[in-house]
Amino acid sequence: MENDPSRRRESISLTPVAKGLENMGADFLESLEEGQLPRSDLSPAEIRSSWSEAAPKPFSRWRNLQPALRARSFCREHMQLFRWIGTGLLCTGLSAFLLVACLLDFQRALALFVLTCVVLTFLGHRLLKRLLGPKLRRFLKPQGHPRLLLWFKRGLALAAFLGLVLWLSLDTSQRPEQLVSFAGICVFVALLFACSKHHCAVSWRAVSWGLGLQFVLGLLVIRTEPGFIAFEWLGEQIRIFLSYTKAGSSFVFGEALVKDVFAFQVLPIIVFFSCVISVLYHVGLMQWVILKIAWLMQVTMGTTATETLSVAGNIFVSQTEAPLLIRPYLADMTLSEVHVVMTGGYATIAGSLLGAYISFGIDATSLIAASVMAAPCALALSKLVYPEVEESKFRREEGVKLTYGDAQNLIEAASTGAAISVKVVANIAANLIAFLAVLDFINAALSWLGDMVDIQGLSFQLICSYILRPVAFLMGVAWEDCPVVAELLGIKLFLNEFVAYQDLSKYKQRRLAGAEEWVGDRKQWISVRAEVLTTFALCGFANFSSIGIMLGGLTSMVPQRKSDFSQIVLRALFTGACVSLVNACMAGILYMPRGAEVDCMSLLNTTLSSSSFEIYQCCREAFQSVNPEFSPEALDNCCRFYNHTICAQ
């Protein structure tokens with residue numbers, strides 16, 4: 001059997017066939033590109049000679065494929081060149097389009113110009129970091145004697161302090177109410193130091209640099225004209241961008257519901273904004289911004305990489321999403337670092353909710369500034385309350401990486417972001433229903449108890465307006481506005497900031513509509529300065545309902561550290577609440593009234609169809625004026641909208 005010739009021939013013939021089945025197509029293409037037939041060592045001339053002797057030419061089609069295969073080989077060899085050519089043509093076309101758009105109407109093309117500058121900055125930073133990064137780090141490395149460097153740093157700190165004192169003395173001569181806000185910062189910092197876990201271990205470098213960065217950011221946004229205009233423009237672009245939510249929500253719910261029902265008007269914005277943030281995470285833009293902000297705080301304040309990344313991430317994401325950035329490192333973080341993570345979550349708001357608050361009519365510039373300024377302040381005050389006394393494993397940023405998510409493409413990233421927001425929207429809706437119902441019940445119960453002892457109108461808001469009035473005054477709010485601001489602070493602390501911002505928007509709408517300031521003993525609106533400071537003070541998740549959210553989120557990531565989280569959560573909540581108050585005080589120091597003065601004589605002598613804040617101010621000035629500078633027609637215009645004793649004459 002073994003010597004059977006037929007079997008031997010069969011085994012010889014099947015062996016090369018079996019090997020050829022592994023990748024016949026690849027062998028075929030490689031052979032053609034080399035100018036040979038598969039499994040043949042003959043040259044093309046020898047093959048053609050053998051074909052001429054044979055009857056048919058079975059491989060005549062292979063010659064027809066050779067030009068295409070050679071073209072493919074050429075493209076492979078010069079792929080990088082083709083990419084550069086394509087990129088160059090694309091950049092040339094975009095540059096020409098941008099140039100033409102700017103020449104035709106620069107204001108119309110401003111958004112495109114800014115986006116182009118952002119992209120160029122991003123690409124330029126990557127290129128410079130790759131080419132000059134090591135050289136710049138060596139150049140910027142401190143040189144000289146350590147003691148000399150120490151005295152140099154102390155001299156800079158002293159100069160900065162003296163400059164701040166000089167600036168305050170000159171600036172507050174025009175607006176003395178700024179001194180109250182400065183005193184508020186001193187009081188809140190002293191209170192937090194008194195509550196510190198380890199008084200002797202406080203890193204005053206972290207505290208001073210954190211408050212200094214907060215001041216510089218506030219100075220850039222609030223006081224300087226270019227910074228204010230830039231953030232005002234950014235807020236307007238965000239408002240316009242969020243208005244596109246109406247297209248989707250109107251299609252799903254209908255025009256009538258979107259126009260009149262709060263849930264269908266505001267909550268879809270959270271879905272849209274969450275979708276956009278998810279896409280930005282997928283392309284890496286969010287990670288780049290977070291890393292740059294974290295790097296700035298780390299090199300100045302001397303904090304660790306993980307805690308700094310978490311606080312920087314809180315500018316854009318919520319208290320439960322920011323810890324996901326450092327999830328692999330939570331198990332090994334010290335208690336001080338975990339305290340920073342919690343404080344950062346309580347001291348800021350999520351980017352998706354930022355869009356919802358802007359839709360209420362809250363000032364977008366103040367919201368954006370509050371979110372950015374809160375990050376260094378949260379890091380500083382957290383290190384004041386819970387200083388580092390352990391050895392951290394994350395002193396340097398090497399080995400700490402940010403993920404880009406699990407999405408494989410932009411469509412999946414957008415879909416995932418929208419799906420994740422459903423839980424957030426449902427949570428907000430459920431909390432609003434529950435908290436507003438509880439608040440109404442508490443007010444009814446307090447009113448019932450107050451009636452028994454002849455106290456009329458007793459409510460939760462009234463109690464807060466008395467208890468928290470000194471806190472509102474320390475922020476720099478005028479005393480007549482303090483009851484309303486204290487009421488909003490109480491709602492934010494004991495219920496949530498969503499309800500408080502809703503109430504603040506109602507006060508703002510009344511002011512803009514030109515409503516009378518007082519109706520009986522009840523104030524109908526507050527000043528613009530009080531609105532801005534309240535916007536800063538409410539910008540944070542520091543309320544008692546967030547304790548369960550924070551503990552639940554962190555415990556789900558690191559179950560073995562549940563006792564550590566429970567140990568410091570109340571301290572972090574208190575610190576986060578104080579961060580928002582210090583943020584408001586900083587805004588009070590830097591706030592400056594803007595806008596041109598209204599010419600009341602010209603305004604009141606025109607035909608008025610509706611009231612406004614400017615008309616109310618002018619009419620109040622006309623009613624209180626003792627000089628006959630306002631014409632009877634101007635007073636008649638005012639009497640159409642407001643009641644005054646002069647109108648009865």
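Here the Cβ of each residue, glycine as well, is placed from N, Cα and C on the backbone.
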If you compare the topological domain names in Swiss-Prot, are R70 and F565 on one side of the membrane?
yes
Taking just the CA atoms, what is the gap between N605 (N-linked glycosylation site) and N643 (N-linked glycosylation site) in Å?
18
Tell me, please, if the transmembrane segment (424-446) and the transmembrane segment (110-128) are in contact, taking contact as 3+ Cβ pairs under 8 Å between residues separated by 6 or more positions?
no
Hey, which bits of the same chain come close to the topological domain 'Extracellular' (105-109), Cβ under 8 Å, at least six residues off its ends?
98
Touch test for the transmembrane segment (202-222) and the transmembrane segment (81-104), at least 3 Cβ pairs under 8 Å:
no
With a Cβ cut-off under 8 Å, give me the same-chain residues at least six positions beyond the ends of the topological domain 'Cytoplasmic' (196-201) that come close to it.
384-389, 571
These are the glycosylation sites: N605, N643. Which one scores highest on other Cβ atoms within 10 Å?
N605
